[in-house]
Amino acid sequence: MEKSKTRSGVRKGAWTYEEDKLLKSCISKYGEGKWHLVPQRAGLNRCRKSCRLRWLNYLNPTINKEILSEDEVDMMLRLHKLLGNRWSLIAGRLPGRTANYVKNYWHTHLQKKMVSRKLEESKEKEKLEETDEIIKPQPLTFSANSPWLNRKYINFVTPIVAVSTKDGTVANDHIENTMLPINDTDGDCAAQPYTTNSTMSAMWWENLLNVSNDKIASSSLLQEDDSNLEFPNVNYSNWNSNLYEFDSILDILN
DNA sequence: AAGCTTCGCAACCGCTCTACA
DNA sequence: CTGTAGAGCGGTTGCGAAGCT
């Protein structure tokens, strides 16, 4: 990296070992925060942004510099599907990983996969549309008298999609859903996953995040074209549920 | 071995958000 | 309500390393 300076004389470019040492000792003495004071306290000819970034992305001892595990990559994919390019939020769910690291990893490793994956999917979609008529799933709405609504909550199996093919056969895919019925003021009732019951919301999120590849493709849970972003060779049985808390993800989105 | 290209990542830039006077 | 400063975020850049011809 170049050893240039800005017009104000502040150093830019790669950090030297000495600079790192000064910054580390400053943080250990005064703690994190008040970044505008850090350059002065540390005796560094750097702007506060540069100091903050260097600490957060490189020097902070809590940073995990090991290669991402399969579980973490999988988690990243799911969170990105959920949150988009909100790297800091994604990083917050991956202990020891920084937003910059997550962002870089995404751009260098995963984005290319996404593009090729999408191309494959659009080809398959075209192929499917040539031969099959897809009956799109409709939102679930219950009448006030529905027997489904007479219980606190219902575990049921619902056909997610029906594909009628040219030879007349109908293929139904099924997925276990847990839905909490909500009574509307006008008498109609809608089954929706949002609930104040934390166990229930956790179950719903678990369903959302764990719906298998083929089911996501036809599920009404996620209807965007790019919703099917799973990758092969991921071992879901090793999923570490400690990496995240579903309720806190709900908090993020609210 | 030399030159070129690609890849990975640290760092910068510009913008938005938030707190406070 | 408005202006200002600090903090934080996401997009982008540019350098060094690795791979290829």
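Residue positions begin at 1 at the first shown residue.
Cβ coordinates are placed from backbone N, Cα and C, and glycine is handled just like the others.
Just so you know, TrEMBL annotations are computer predictions that nobody has curated.
Over in TrEMBL, the protein carries these features:
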DOMAIN    A:7-63  domain 'HTH myb-type'
DOMAIN    A:7-59  domain 'Myb-like'
DOMAIN    A:60-110  domain 'Myb-like'
DOMAIN    A:69-114  domain 'HTH myb-type'
DSSP puts the residues of the domain 'HTH myb-type' (A:69-114) at 36 helix, 0 strand, 10 coil
Grouping DSSP H, G, I as helix and E, B as strand, the residues of the domain 'HTH myb-type' (A:7-63) number 34 helix, 1 strand, 22 coil
